[in-house]
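See below for the structure under consideration.
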Amino acid sequence: MSHENRNTSDLKSDKVKDYSKYFDFSDAKLISQEDGKSTYRIKGRNIQINAAPSYRDEKQRGKEDVQVLYDFAIPDDMQEFGQGKYYLIATYGCQMNEHDTEVMRGLFEQMGYRSTEDKHVADVILLNTCAIRENAEDKVFGELGHLKALKAEKPDLVLGVCGCMSQEEAVVNRIMQKHPFVDIIFGTHNIHRLPVLLKDAYFNKEMVVEVWSKEGDIIENLPKKREGIRAWVNIMYGCDKFCTYCIVPYTRGKERSRRPQDVLAEVRELARQGFQEITLLGQNVNAYGKDFEDIAYTFGDLMDDIRKIDVPRIRFTTSHPRDFDDHLIEVLGKGGNLVEHIHLPVQAGNTEVLKRMSRKYSREQYLELVRKIKAAVPNAVLTTDIIVGFPGETAEQFEDTLSLYDEVGFDFAFTFIYSPREGTPAADMEDNVSMEEKKHRLYRLNELVNKHSKLSNERLLNTVVEVLVEGESRTNADVLAGRTRSNKLIHFTGDKSLVGKMVNVQVTHAQTWILKGEIVAQPIQLSI
Ligand code: SAH
Ligand code: SF4
Ligand code: F3S
């Protein structure tokens, strides 16, 4: 695409207009094709397709420029549309999706909608979905089954599916065939089109499908509805790493970094509003800035600038070991509001398996990175993600994962059984490890994870930790719950007025999943 001037209301419709090539349209009739929209009749329902996902297009990393746009506005005729109406968004998946939900909440509220948790009250229900593993998708299809009955009771209910699953051809096909009561399907690149798509679905009573296969532009001025004392800030979108098991590069498009001045302005504004903790988000935050052609500015530079902003805690996720450079390590060593918790997914402890996963580092390189981080960042707390049962993983190769875990001494890990994802290279690899064996490996790994979690918690016994108070504990209103700088959950007795503040807590009990303690001094005075 040439560097034409676009604006956020443009419809980026697909080059492909004959969707019957992509979907199981054996009993579908093409009714009309105009303004880049094709309308089919399938099983008694009209489906208007503005754009549909294509695995082939999602794989490509073209040279098309991504523009940064600042001109978003809710269309005039939608500004009052939600008066007296309620929305509900069910969110699955990672923090990226949680944050996208905050954007959609912002859009709904600008249209006058109010939020509800009650399905029976909602006028619009959106499922913001995750495609990372098969069980994530099963949950969504299960929920669609329940919503079918609700839709039968309440035909005016608008039901939407968005998020990463919508970027999959197979999912969109399945919804069109088996769940024709869904009203809107849109993807991760066209969230800002929600008001327009809602209008189409309401007035045309057709299913509206608009999923861009290619990444969209970066739209800076979308509304966001945040709650609580912790905030997420996107620093980049997409992923170019293409680990062989992973669907994310297809569902989220190519890596695009937000301009530093836009990220810094957002963080400053959140500081001014009194947020106590900010988590910088990206699928591969260490690649931040690599796509800038006009400036040399990396993730380390960004962290060094954010360090000077008056927010008590700054976190980031997720780090890819490959791009974790010395400059970043040096900046993290400066501490202050940059917390010493680093989530550094390793995935496997065997170099051969890492190679087949296309992680682009060896076991030794990962251990060397950990050594450098521990040397530069005092009290560094490391956590990780691990996949067991990758196709062809042998018993010995799995033992390497266990030994690496012991060697690093992670505080915690998210552990997963490998789940084949259609369209990814690993899905075509021969997999000779039985499910029973995979489950057994997961069990053994989890035993080790728990052992280290308990040990790391026990090391904190009798020390005083800085805690950000998040709220009352779920089970006992006299007990407050908070998080340490390293993100460990801690319970202690205290007054509700401390919620949102920092307190010093002495650790008195250490269990595998939780610490308990007692407040030892007055809240630390914050300058905010
Ligand atoms: N961008 C992040 C990870 C996002 S997905 C990163 O690179 O670290 C979160 C985790 O899900 C991954 O770290 C991986 O451990 C797991 N995961 C991804 N694809 C998977 C698959 N096909 N099967 C099982 N686990 C998977
Ligand atoms: Fe997936 Fe790898 Fe990208 Fe993480 S870095 S999102 S695991 S492809
Ligand atoms: Fe899931 Fe998409 Fe996140 S696949 S893990 S919601 S980026």
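Each residue, glycine too, has its Cβ placed from N, Cα and C.
Taken from TrEMBL, the feature domain 'MTTase N-terminal' covers 85-203.
Non-local contacts of Cys130 ([4Fe-4S] cluster 1 binding site) by the CB criterion (under 8 A, 6+ apart in sequence, same chain) comprise Tyr92, Gly93, Cys94, Asn97, Ala136, Glu137, Val140, Gly163, Cys164, Met165. Among the features that TrEMBL reports, [4Fe-4S] cluster 1 binding site is placed at Cys94, Cys130, Cys164.
Marked as domain 'Radical SAM core' by TrEMBL: 225-458.
Positions annotated as [4Fe-4S] cluster 2 binding site by TrEMBL: Cys239, Cys243, Cys246. DSSP assigns Cys246 ([4Fe-4S] cluster 2 binding site) to coil, not to a helix or a strand. Around the Cβ of Cys246 ([4Fe-4S] cluster 2 binding site), the same chain contributes Ile132, Cys239, Arg421, Thr424, each under 8 angstroms and 6 or more positions distant in sequence.
Helix first, then strand, then coil: DSSP counts for the domain 'TRAM' (458-521) stand at 4 helix, 34 strand, 26 coil. Annotation source TrEMBL lists domain 'TRAM' at 458-521.
Mean predicted confidence for the domain 'Radical SAM core' (225-458): the pLDDT average there is 97. The 6 Å Cβ screen around ligand 2 retains nothing from the binding-site residues Cys94, Cys130, Cys164. For Cys164 ([4Fe-4S] cluster 1 binding site), the Cβ neighbour count at a 10 Å cut-off comes to 27, with all displayed protein chains included. Residue counts for the domain 'MTTase N-terminal' (85-203) under DSSP (helix as H, G, I; strand as E, B; rest coil) come to 63 helix, 23 strand, 33 coil. By the rule that a residue counts when its Cβ sits under 6 Å from some atom of ligand 3, the binding-site residues Cys130, Cys239, Cys243, Cys246 yield Cys130.
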